[in-house]
Amino acid sequence: MTPFLPDRSIAKRFDAAADRYEHHAWAQRHAAEALAERIAALALPAKPRILEIGCGTGLLTRALARRLGPADWTLSDIAPDMLRQARANLNLPARYLRMDGEHPAGLDGQYDLICSSLAVQWFGDLNAGLARLTRWLRPGGHLAIATLAQESFKEWHQAHAVLSLRAATPEYPPVADIRAGLLPGRVDSEQHVQSHHSGLAFLRGLKGIGATAPRAGHQPLNTAQLRAVLRQFDRQGACVTYQFAYGQWRKPRGVFVTGTDTGVGKTLVSALLTRAWQADYWKPLQTGLAEESGDSATVAALARLPPERLHAPAYALQAPLAPWAAASLENTCIDATRLTLPETAAPLVVEGAGGLYVPIDERSLIIDLIDNLGLPVVLAARSGLGTINHTLLSLEALRARKLPVLGVIMSGPPSDDNRRAIEHFGRIPVLAQIPQLDVVDAQAVDLWSKQLPTLDSLLSSNASR
């Protein structure tokens, strides 16, 4: 597969700067060391699989290698001469990959850590690019980045504004707006002030690191305008602020429980998995509260969950309807793109609403939420007549979106024929057949949860498929 390389002008600028990059990269060195300190505090496994986006000449790589020790490295950059320079600078066994990190391709599996220092600010859509990177994280894996935020180069912008001009430097987002899909995490920031001999020295420094690509739509200044800006910048003190934003996100170890339809046993399956794995539970979209106490209360009772392992729904609605319809009755607007997974060190079981094509809002279905959350699926299905068709259709829909499925759990009178057909044509294991239970209570959940495979075994099997 040929990596997606959308803006070759950016790559050319960094290629031209590769040999002299580290002579000018004082701010970049500071950010790399600060990010490496944050990464070193994460709970990473021994010899972690690491993917670095925009490795440049290896500043972050070296800072991490000193702190983490042996690792399985994949170092990527959009600029081939930067990769050449990194090879020369690093004494590490690593895979070097020319790739645009905003649209990753050519990768060989998932990673314990995906990291990047002062490269992702070149993404055309920062948050969308970060969300794509999270798909390459292993369950429990971390995404850690340093990027530029809104206050960066404010003195340079001020020197232009005084003259009613606009700077060519790109516009960076506020710290609060930086997100990595729907993963839980945090972004902190610091302001780093760098002094220069003059405005001309500042521009030469930017050229020295290849950071001269202008923002979209910029009209170049004429010579007189540029000289006036440089004089104003010098009068201001020839200092420039870098606002570094450090983002850290973790992909939970867990599953998304969805069903072939409504009323197929998703809540029982969720309770069984929560009990078996000592997991946290989250039902992000709860409807039907006018008629019952809700699935969160049911799972808490069945799985004997303490309050701290039960996460409140993001939306709790009264009508027993699909979330979109129920929300409209209450004049509530659901925004599925703003849902964020709970932050927890425990395994996490997320239960959906109805089947895959249940509407959440005017733009999103449950299958879109699964895609955005990035958790593998456990599919709840009936055991009886009609389940083969419903289950295979659901599996086909998930595969069409390249969404990982760990297995199917069937509920109702056991049918070996239906189980065999689903495993054969669906090419997926049936993890359990839960019979029709006379009494559904915590004791029954205790008993049947012991029949389920461990989360680690399911994740390992999925990785090998």
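In case you wondered, yes, glycine gets a Cβ from its N, Cα and C as well.
Around the Cβ of LYS283 (active site), the number of neighbouring Cβ atoms within 10 Å comes to 28. Secondary structure at LYS283 (active site), taken from DSSP and collapsed to helix, strand or coil, is coil. The annotation active site is assigned in Swiss-Prot to LYS283.
Sequence-distant neighbours of VAL264 (ATP binding site): residues of the same chain at least 6 apart with a C-beta under 8 Å from its C-beta are ALA380, ALA381, ARG382, SER411. In three-state terms derived from DSSP, VAL264 (ATP binding site) belongs to neither a helical nor a strand segment and is classed as coil. For ASP234, 263-268, ASP295, 351-354, 435-437, the entry in Swiss-Prot reads ATP binding site, with the evidence type sequence analysis.
In the three-state DSSP classification, ASP295 (Mg(2+) binding site) falls within a helix. Residues within less than 8 Å, Cβ to Cβ, of ASP295 (Mg(2+) binding site) and separated from it by at least 6 positions along the same chain comprise LYS266, THR267, SER270, LYS283, GLN286, GLU351. Per Swiss-Prot, Mg(2+) binding site is recorded for THR267, ASP295, GLU351, and the stated evidence type is sequence analysis.
Among the features that Swiss-Prot reports, region 'Malonyl-ACP O-methyltransferase' is placed at 1-254.
Per Swiss-Prot, the feature region 'DTB synthetase' maps to 255-465.
Candidate binding-site residues: LEU268, LEU437. Fewest other C-beta atoms within 10 angstroms, LEU437. In sequence order, VAL257, LYS266, SER270, ALA271, LYS283, SER296, THR298, VAL299 are the same-chain residues whose CB sits within 8 A of the CB centroid of THR267, ASP295, GLU351, the residues recorded for Mg(2+) being left out. Remark: of the binding-site residues ASP234, THR267, GLU351, PRO435, the most isolated position is PRO435 (fewest other Cβ atoms within 10 Å of its Cβ).
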